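Participant: Grabbed the feature section from Swiss-Prot, which reads as follows:
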BINDING   Tyr18, Cys62, Asn67, Asp101, Leu102, Ser140, Phe141, Cys157, Cys159  S-adenosyl-L-homocysteine binding site
BINDING   Asn21, Asn25, Tyr158, Gln161, Trp162, Ser316, Tyr321, Tyr356  xanthosine binding site
SITE      His155  site 'Involved in substrate discrimination'
BINDING   Asn179, Asp261, Phe263, Asn264  Mg(2+) binding site
SITE      Val267  site 'Involved in substrate discrimination'
SITE      Glu331  site 'Involved in substrate discrimination'
Amino acid sequence: MELQEVLRMNGGEGDTSYAKNSAYNQLVLAKVKPVLEQCVRELLRANLPNINKCIKVADLGCASGPNTLLTVRDIVQSIDKVGQEKKNELERPTIQIFLNDLFPNDFNSVFKLLPSFYRKLEKENGRKIGSCLIGAMPGSFYSRLFPEESMHFLHSCYCLQWLSQVPSGLVTELGISTNKGSIYSSKASRLPVQKAYLDQFTKDFTTFLRIHSEELFSHGRMLLTCICKGVELDARNAIDLLEMAINDLVVEGHLEEEKLDSFNLPVYIPSAEEVKCIVEEEGSFEILYLETFKVLYDAGFSIDDEHIKAEYVASSVRAVYEPILASHFGEAIIPDIFHRFAKHAAKVLPLGKGFYNNLIISLAKKPEKSDV
């Protein structure tokens, strides 16, 4: 099965769907919103081509479920709020928003929500139906999506940790795994494995910046939020807990060791310094803002029961990783993986060691020399 076919969230609206298990991401989006407003404010000051008539925006790696339109709402509200602050504003610009993700993404679940979303925009923002136009642009964000110099603003949240492919060199010529017992570039991975993952991330992120800089107008903006490495040596991110759960099944005899050793996630969690260095090395963008912050896995969860919290965290992670796990290990073992995941989560949550480190970076496309 092709990798792109399983790089998606759980679709639909069932108990294990991303739509039902993505409340955590709403907390991240709330943290990003003030930075988004400032980014839009700077964008509207830049006087880009046609921006007073139609602002063209894309959400790269939009996923599905209510969070997709929550992101859209935040973008629209930010544009309208900043627009109201401008003097002599005569008319709101039309906003054209493209939702991007891989072809298997459950776009239909998003489209079903659009009629009520448009009505809500009209009621709460006074935006007439037709003044905000939302469509899909499926495809990999590591490839060209839009014409040259056609976009004003690109947004992406929690997507850049996904690589375009599993790094090469993780299996020797004799077919032996160089990342035994691990499923990504973890703290336990050998240095050659860590280098292979960093090299793949560097290649992919450089491609991402180059391609999308070509799609943006000069002075266009890009706002990226991603998971990043922290400095805490004993903290456990969700993939660490997932790795521990799968290893449990091997030790218990429910899963062959070879099955674990032949599995590597196409995921890399960069440090803030790595992201900064790649942006500077690629050269198309100026860094306007960079911040890191933590969000606990169970933040915003009101029930004070560690086991219920752990099940909640397990469901959130399952909604993200089930498709790719099921394609390799089979669907039957998925409940067992996340049952053990919840047990590990229940141990780290009371200690405050279960959280994501996050990075927000705001970028502006540098002008061409002829524009200066």
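From the backbone N, Cα and C atoms, a Cβ is placed for every residue, glycine too.
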Participant: Do any residues at least six apart in sequence from Tyr18 (S-adenosyl-L-homocysteine binding site), in the same chain, have a Cβ closer than 8 Å to its Cβ, and if so which, in order?
Facilitator: Met9, Asn10, Gly11, Ala63, Ser64, Gly65, Ala319, Val320
Participant: Can you tell me which of the recorded positions Gln161, Val267, Tyr321 is spatially closest to Asn179 (Mg(2+) binding site)? Compare CA atoms only.
Facilitator: Val267
Participant: What other residues of the same chain, not counting Asn179, Asp261, Phe263, Asn264, have a CB atom within 8 A of the CB centroid of the Mg(2+) site?
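Facilitator: Counting only non-site residues, the set is Leu170, Ser177, Lys180, Ser182, Ile183, Leu260, Ser262.
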Participant: What whole-number Å value do you get for the CA-CA distance of Gln161 (xanthosine binding site) and Asn264 (Mg(2+) binding site)?
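Facilitator: Each residue's Cα considered, Gln161 (xanthosine binding site) and Asn264 (Mg(2+) binding site) end up 14 Å apart.
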Participant: Which residues of the same chain, at least 6 positions away in sequence, have a Cβ lying under 8 Å from the Cβ of Tyr158 (xanthosine binding site)?
Facilitator: Asn25, Val28, Gly61, Thr225, Cys226, Ile227
Participant: In Å, how long is the longest CA to CA span across Asn21, Asn25, Tyr158, Gln161, Trp162, Ser316, Tyr321, Tyr356, which the record gives as the xanthosine binders?
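Facilitator: Greatest Cα separation within the listed binding residues comes to 19 Å.
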Participant: DSSP on Tyr321 (xanthosine binding site), three-state: which is it?
Facilitator: helix
Participant: State the three-class DSSP label for Tyr158 (xanthosine binding site), counting H, G and I as helix, E and B as strand, and everything else as coil.
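Facilitator: Assignment for Tyr158 (xanthosine binding site) reads coil.
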Participant: Max Cα-Cα distance in Å among Tyr18, Cys62, Asn67, Asp101, Leu102, Ser140, Phe141, Cys157, Cys159, the residues listed as binding S-adenosyl-L-homocysteine?
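Facilitator: Largest pairwise Cα separation, rounded: 20 Å.
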Participant: To see if you understand the setup: which same-chain residues, six or more apart in sequence, place their Cβ under 8 Å from that of Asn264 (Mg(2+) binding site)?
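Facilitator: Sequence-distant Cβ neighbours: Val166, Pro167, Leu170, Asn179, Ser182, Ile183, Tyr184.
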Participant: Express the distance between the Cα positions of Leu102 (S-adenosyl-L-homocysteine binding site) and Trp162 (xanthosine binding site) as a whole number of Å.
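Facilitator: About 12 Å separate the Cα atoms of these two residues.
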Participant: Could you say whether, by DSSP, Phe263 (Mg(2+) binding site) belongs to a helix, a strand or a coil region?
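Facilitator: For Phe263 (Mg(2+) binding site) - judged by DSSP and reduced to three states - the answer is coil.
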Participant: Highest CB neighbour count within 10 A among the binding-site residues Asn67, Asn179?
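Facilitator: The residue with the most neighbouring Cβ atoms within 10 Å is Asn179.
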Participant: What does DSSP call Tyr356 (xanthosine binding site) in the simple three-state scheme?
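Facilitator: The residue in question, Tyr356 (xanthosine binding site), is strand (DSSP, three-state).
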Participant: Should Ser316 (xanthosine binding site) be counted as helix, strand, or coil on the basis of DSSP?
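Facilitator: For Ser316 (xanthosine binding site) - judged by DSSP and reduced to three states - the answer is helix.
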